[in-house]
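Colleague: Here you go, one structure.
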There are 2 protein chains.
Amino acid sequence: MSSKSIKVYAPATVANVVCGFDILGFAVNEPGDELIMDLCDKPGVVISSIEGDGGKLPLDADRNTVAAGVKSILKQLGREDIGVKLKLKKKMPLGSGLGSSAASSVAGIFAINELLDRPLSKEELLPFAMEGEALACGHGHADNVAPALFGGFTLIKSYEPLEVIALPVPNLYCALLYPHVDVPTRDARQIIRSKVLLKDAVTQWGNIAGLISALYLGDYDLLGRCMKDVIVEPIRSMLIPEFYKMKEIAMHHGALGFGISGSGPTVFSLFRSPDDAQRVLLTLQQVLLDKGIASNIYLSEINKNGPVIL
Amino acid sequence: MSSKSIKVYAPATVANVVCGFDILGFAVNEPGDELIMDLCDKPGVVISSIEGDGGKLPLDADRNTVAAGVKSILKQLGREDIGVKLKLKKKMPLGSGLGSSAASSVAGIFAINELLDRPLSKEELLPFAMEGEALACGHGHADNVAPALFGGFTLIKSYEPLEVIALPVPNLYCALLYPHVDVPTRDARQIIRSKVLLKDAVTQWGNIAGLISALYLGDYDLLGRCMKDVIVEPIRSMLIPEFYKMKEIAMHHGALGFGISGSGPTVFSLFRSPDDAQRVLLTLQQVLLDKGIASNIYLSEINKNGPVIL
């Protein structure tokens, strides 16, 4: 047992998907996090190193999202006799709206479950990944961890009880742009109003219902027509530089839809063609650069399987 | 032309379907409306008789929903030279939440379109049926006319532009109970609050998204788990006698879900077994009778095709 080691990769995720605030998300192939996990003789979970976080993430296992999920699983399985060493390589920006903490949490619970020969199903792993999220974000939402764990598009049907539905995965390309501006998740949540107009809610659930239909029908034009948000985007977009200019450019150059990834500031758009996606990304990057704002860009297909062993 | 005649039937409909306020509806095989339409030489639309309405519906073609839709179509087609005589047999209660005016409107536009050898598709007919609804209810909602016209389950994805999606039709039985109490549509709309909590809206759109998934998956247990309404039902149920008692009985005897049909006072429930549905209907009818309230009950499969020629 003590010599077992594993290296895994867990994907970034786009939560909300424009009209599905707090209930929808999908995973992308890039970016993502790498995790090396070793079992060892001395009980307890130790984080030996974290790279790529600029020193922002705590090495203290009691305050670290990855360690929290792993410790919960070991406790649940009655295996607190096991020792675990973690090396985390963050290969995506933190606080960017790409589900950074979810990717790390999922990498951790996936790795320990693999090392223990899969005592738990993915459905059973989900609540442990949510515990890590709660530690990172102050709330136990599943719209990043569920797609990071299952891959593809996931619907959080309900929280009490927790029920996740794996939706059909469209063959589309996701263009991501992370502008280097700071939008903490807590702030992005606080500016959203706690009450909404019923008529806006009706518009929103028409779009959500249409988007779900579009995924089952494989109707990407319909998918695009449903990617509208009358509730959250009008408010959160204020935190993102040049949001509507970028949206207009993307929509005029082949994007099916464009919106905020999670709580931002990353923006995403979906394309049929990787060439269109790439062209738009470079254009948007230049738009921001002209305003003095640097950005990271990523282009990949929708991730289909969640975390993998490297 | 002048001797052409047709007899048609259009189905009652259940709008909202618990969690899909203003966007979802489905048609049932019974009850429904019958309409006999004759073409004649004298231009204009005349209603020669209406049966089964207790004298409540206007024979004046300018104020009648059926005539309004027919006249609009004739105008649109440039065929105001045609004369039309209508005989309407209401075979369902008015103001019951069963889409009575929608069934009549749809019967009318379907009949004239058939008599003119189908110049318009069902998609093209929909706006004309909505005009009739606007006359009857004071608002041009499509959640009754769309399923009455297309049959099955329909989603009103959006109103501007109007976009309707035909959803997969579950092989289920619908039990309807119309208690003889008065709940005018306008009143039922007015008691709904214009603002809702965002967290309730999120719960609702999780359920709607889940219900759409359930229809595509043919997963009737999931369908039942999604038939929850935290926004409209808690308010409108106050207008319906013994609502929660009836719901409890239905859910404990095989119903997948139970709710208000449209704006009520009719209640509906969905069942896998027609025997369970029939037993529950009789039990609920007795519950109301014990309180001195009479009711009509109906049991049928989900209607699959919309209006038919008799």
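Note: Cβ is positioned from N, Cα and C throughout, glycine not excepted.
The model shown is predicted, which means the values in this text are computed figures rather than measured ones.
Below, the features straight out of TrEMBL:
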DOMAIN    B:65-152  domain 'GHMP kinase N-terminal'
BINDING   B:Pro93, B:Leu94, B:Gly95, B:Ser96, B:Gly97, B:Leu98, B:Gly99, B:Ser100, B:Ser101, B:Ala102, B:Ala103  ATP binding site
DOMAIN    B:211-286  domain 'GHMP kinase C-terminal'
Colleague: Do you know which of the binding-site residues B:Pro93, B:Gly95, B:Gly97, B:Gly99 has the most other C-beta atoms within 10 angstroms of its C-beta?
Modeller: B:Gly99
Colleague: If I take every residue in the domain 'GHMP kinase C-terminal' (B:211-286) and average their pLDDT values, what number comes out?
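Modeller: A mean pLDDT of 97 is what the predicted model shows over the domain 'GHMP kinase C-terminal' (B:211-286).
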Colleague: How does the domain 'GHMP kinase N-terminal' (B:65-152) divide up by DSSP, counting helix, then strand, then coil residues?
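Modeller: Once the DSSP states are binned, the domain 'GHMP kinase N-terminal' (B:65-152) shows 50 helix, 8 strand, 30 coil.
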Colleague: Ranked by the number of other Cβ atoms within 10 Å of their own Cβ, which of the binding-site residues B:Ser101, B:Ala103 ranks first?
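Modeller: Buried the deepest by this measure is B:Ala103.
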Colleague: Excluding B:Pro93, B:Leu94, B:Gly95, B:Ser96, B:Gly97, B:Leu98, B:Gly99, B:Ser100, B:Ser101, B:Ala102, B:Ala103 themselves, which residues in that chain have a Cβ inside 8 Å of the centre of the Cβ atoms defining the ATP site?
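Modeller: Result: B:Ala12, B:Met92, B:Asn144, B:Gly262.
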Colleague: With DSSP, how much of the domain 'GHMP kinase C-terminal' (B:211-286) is helix, how much strand and how much coil, in residues?
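Modeller: Per-class counts: 44 helix, 9 strand, 23 coil.
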